[in-house]
């Protein structure tokens, strides 16, 4: 099975959206294999968002991500990266379709509730930044046989 990294950002945590977001992924049939709340250290924010280091918005992004607890997760499922990206919607909540996480819960591009890996390669890198292999759990959901065609 494929894996992806998902992070509910401080605005999503502080607005009480964790349960609703997790429920959407579970209802889709995805499997949560790791999760924890954490205020990210600066070093991991820099590593996570290395592609944005030279951009003018990076200092405010870093401050925002470090401004409260995030909920870090690893989800598993077939084509999970693409599925989660569709479920979260466009980066700018004002452009995100209704029914997507950002379309329903996001307000501003600078406070867009959630981050998810954009490729399998990014997923592997981001999971490695935030989780040790021993923190990823293997188990079978009781509904896997009806979620996936084998």
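Just so it is clear, glycine is given a Cβ too, placed from its N, Cα and C backbone atoms.
Look at Swiss-Prot and you will find 115 tagged as active site, pros-phosphohistidine intermediate, backed by sequence analysis. Annotation note: residue 115 (active site, pros-phosphohistidine intermediate) sits in a strand segment as assigned by DSSP.
In three-state terms derived from DSSP, residue 102 (ATP binding site) belongs to a helical segment. Its Cβ placed at the centre, residue 102 (ATP binding site) has 23 other Cβ atoms within 10 Å. What Swiss-Prot records for 9, 57, 85, 91, 102, 112 is ATP binding site.
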Problem - CB within-chain contacts under 8 A for residue 112 (ATP binding site), separation at least 6 - result: 9, 11, 91, 92, 93, 102, 106
Exercise for the section: Consider each pair of residues in 9, 57, 85, 91, 102, 112, all listed by the record as binding ATP, and report the largest Cα separation in Å as a whole number. Expected result: 22
Practice task
Taking the Cβ of residue 57 (ATP binding site) as the reference point, list residues of the same chain whose Cβ is under 8 angstroms away and which are at least six residues distant in sequence.
Solution key: 110
